[in-house]
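Undergrad: First, the structure itself, so that you have it in front of you.
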Amino acid sequence: MSKPMDLHERNAAYAGDDEVEPVSPVERITVKPKGAAFSPGGSSSSSAATEHHGAVEMVTGPDPGQQPPLETTVAELEAGKGRRFAFLKRPQFWIVLALSQALAITQTGTNTLSTLLANIGTSIPAFQSLFNYVLLALIYGSITVYKYGVTGWLGMVRKDGWKYFILAFLDVEGNYFTVLAYRYTTILSAQLINFWAIAVVVVISLLFLKVRYHIAQYAGILVACAGLGLLVASDHITHSNGGPALNAVKGDLFALLGATCYGFSNVAEEFLVSKRPMYEVIGQLGFWGMFINGVQAAIFDKESFRSATWNGTVAGYLVGYTLLLTWFYTAAPIVFRMASAAFFNIGLLTGNFWGVAVGTGVFHLKIHYLYPIAFVLIIGGHFVYYGTEGVLGEAKKPWLGENQEGGDDSLGTAKRHLEHPSVLV
């Protein structure tokens with residue numbers, strides 16, 4: 001076995017997705033980022049490793065014989081902490097639960113601002129999301145260029161750009177078709193379609209990522225979905241489903257298509273952020289999404305843009321919408337790393353509850369007695385979901401190897417916990 005690379009050298013590696021045989025020669029393209037100190041000997045300082053990624057090496061995959069030394073292994077961690085309710089006892093569960101609810105509240109905020117925009121005559125769904133993708137590209141794309149250098153960034157785009165294009169396309173279309181669904185069908189029908197997004201995530205994860213769910217996880221999903229069912233029933237009882245549908249069949253099909261795109265994009269993003277730095281994934285999502293969404297807005301939002309109301313209030317709503325959505329896209333990958341795309345979607349089910357809670361002040365809505373019960377059911381589903389999970393929960397990704405050899409070791413990953421067992425995130 002070859003000598004293990006130290007942390008500085010390991011963090012310097014820009015690894016591809018496919019495994020390579022340790023004995024096979026691998027062509028490497030080394031790019032020295034601006035301001036990064038890199039030498040063949042590297043540095044054993046963990047602080048230096050987090051400050052600079054060093055040279056970016058374009059390789060077909062990480063060499064299993066050159067992984068950095070770990071402080072512990074998954075087996076040792078599981079043996080030391082026990083199995084029964086192991087993840088529920090750790091602070092990481094409460095962190096990811098709180099983060100998922102923060103994202104649900106954020107989504108409520110963006111939906112509220114979209115409603116306020118529509119109420120004053122500005123309904124431009126594709127165009128209003130464009131600023132988010134531009135901001136993501138500016139922030140995280142700039143970080144990526146700084147870390148990799150221009151040549152390294154171009155090499156990454158040339159090698160993996162098609163993957164990020166697909167991710168961005170699915171994300172943009174998920175947003176677009178979901179907004180279209182609300183135009184044609186009732187809110188009640190659109191909410192019921194939320195079940196489909198979870199089903200899509202579970203099926204794709206089973207088929208393509210080889211994820212194997214426990215009975216408790218299926219039970220947790222069902223309990224959370226039962227809570228959503230109560231929310232929908234409450235809306236039906238109080239006749240707050242938005243009135244008759246303009247074209248129910250057309251709207252339901254748009255909702256199904258949007259939920260399917262969301263399911264695919266969530267699983268794809270979970271896979272990519274488990275193997276790549278978050279700034280790269282988010283930056284590329286913003287970069288490609290900016291072009292895709294821009295073209296779509298130019299084609300489909302042209303008339304809406306001309307007839308829209310434009311004033312200081314609209315500008316304020318658009319700024320708030322963009323900032324909330326940018327935070328959403330920044331925090332979501334942490335949930336994908338610490339938990340999974342399935343847990344992420346379960347967490348968003350409480351969005352309807354938070355929407356009514358916000359609506360009581362903004363739109364003078366009334367909270368039906370079933371809403372608190374539904375909220376407790378959805379949150380309870382989170383606890384059932386992780387009832388039998390091990391110490392690392394779903395942060396341990398099955399496609400990365402037993403000790404996550406093929407994964408990134410930055411914020412929120414299981415490999416980071418194996419290298420630094422005392423770290424929280």
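Glycine is treated like the rest: Cβ placed from N, Cα and C.
Keep in mind that TrEMBL annotations are predicted by a computer and have not been checked by a curator.
Take a look at what TrEMBL says about it:
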type	residues	note
COMPBIAS	1-11	compositional bias 'Basic and acidic residues'
COMPBIAS	35-49	compositional bias 'Low complexity'
REGION	1-24	region 'Disordered'
REGION	33-52	region 'Disordered'
TRANSMEM	93-110	transmembrane segment
TRANSMEM	130-150	transmembrane segment
TRANSMEM	162-182	transmembrane segment
TRANSMEM	188-208	transmembrane segment
TRANSMEM	215-233	transmembrane segment
TRANSMEM	253-273	transmembrane segment
TRANSMEM	285-302	transmembrane segment
TRANSMEM	314-336	transmembrane segment
TRANSMEM	343-363	transmembrane segment
TRANSMEM	369-387	transmembrane segment
Undergrad: At a C-beta cut-off of under 8 Å, are there same-chain residues at least 6 beyond the transmembrane segment (215-233) that contact it? List them, or none.
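TA: Answer is 188, 191-192, 194-195, 198, 202, 342, 346, 349, 352-353, 370-371, 373-389.
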Undergrad: Output the single range from 130-150, 253-273, 285-302, 343-363, 369-387 maximising the number of Cβ pairs under 8 Å to the transmembrane segment (93-110).
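TA: That would be 343-363.
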Undergrad: State the residues, same chain only, that lie 6 or more residues beyond the ends of the transmembrane segment (285-302) and have a CB under 8 A from a CB inside it; answer 'none' if no residue qualifies.
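TA: Distant contacts of the transmembrane segment (285-302): 124-127, 129-130, 132-141, 161, 164-165, 167-169, 171-172, 176, 269, 329.
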Undergrad: Can you tell me which recorded stretch out of 162-182, 253-273, 314-336, 369-387 has the most Cβ pairs within less than 8 Å of the transmembrane segment (343-363)?
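TA: Answer is 369-387, with the largest number of Cβ pairs below 8 Å.
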Undergrad: Counting only residues 6+ away from its ends, which parts of the chain sit with a Cβ under 8 Å from the transmembrane segment (314-336)?
TA: 96, 99-100, 102-103, 106-107, 109-110, 113-114, 116-117, 120, 122, 128-129, 131-132, 135-136, 139, 266, 269-270, 273-274, 278, 281-282, 285-286, 308, 343-344, 347, 411-412, 425
